[in-house]
Amino acid sequence: MARTAGDFRAIGLNLAAVASGIYAVHYISTYVELPPHLAGAGHWQFLTNISLLLSQIVFALGGVAHFFKLDSLFRLKNNLHPIALAVECIVTGIYWPLRIMFIHILVKDPNAKFIPLSVDLCLHLVPVLGLAIDYFFFMPKWTVLPRFSLGACVVLAGLYWWWLKIIIDFENGGEYPYMFLNVPDELTRVLIFGVVALLAFALFMTLRLMHDLLICADITEDEKLKKEK
């Protein structure tokens, strides 16, 4: 399977993922009213929505790169892809266990009305599946070095914390968007962000290794078969 710009199967994947993301953003911006303790900071305080935006950029770049066979744009998309997939893995990996079993750790009012399942899936499952399919079926191995990815994970975690500090009005009743961040002391919060950053890096390394084991092995086997013919 060719892993270069110009694969029209990848265009279909990218278009479907972009359409799914647009649907989710339209729904939450039109129909979802945030509770008073979250309303001031708006919808972009949620890591889910920020990661969705990053994923949408990656999918859009991929679609354009494949459609016009632009190698430079394909490389740019491939460099952004590991960050997007690692963050989406964090979002999905944290959200669904808490959503199903420990909802009180996720939201302040467990009895509040939730978004429809179709929107929920578009926000918390479709992006990570789309990025994973893209990586394992249509992309070469990530070229981002592990030391750079570790630094990127730490920087992104710090930027997200900084962003929350800016947009949330704590003095007037604002709170962090996820209940597990509303801990009494700052040190515990720092540790939470640190654990999330390290988990994102661990996911990056795991996915990179899986690509080596699953994809590179298949490519080597295909090359052997071609030589035998």
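Cβ from N, Cα, C; glycine included.
Features as listed in TrEMBL:
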- 12-32: transmembrane segment (TRANSMEM)
- 44-68: transmembrane segment (TRANSMEM)
- 80-102: transmembrane segment (TRANSMEM)
- 114-137: transmembrane segment (TRANSMEM)
- 144-163: transmembrane segment (TRANSMEM)
- 187-207: transmembrane segment (TRANSMEM)
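Of the two recorded stretches, the transmembrane segment (144-163) lies close to the transmembrane segment (80-102), with three or more CB pairs under 8 Å once pairs fewer than 6 apart in sequence are set aside. Among the listed stretches 12-32, 44-68, 187-207, the one sharing the most Cβ pairs under 8 Å with the transmembrane segment (114-137) is 12-32. Within its own chain, the transmembrane segment (187-207) is flanked in space by residues 82, 85-87, 89-90, 93, 132, 135, 146, 149-150, 153-154, 156-158, 160-161, 180-181, which lie at least six positions past its ends and keep a Cβ under 8 Å from the stretch. Beyond its flanks by at least six residues, the transmembrane segment (12-32) meets 43, 49, 52, 55-56, 59-60, 62-63, 66, 115-116, 119, 122-123, 126-127, 130, 133-134, 138 of its own chain at Cβ-Cβ distances under 8 Å.
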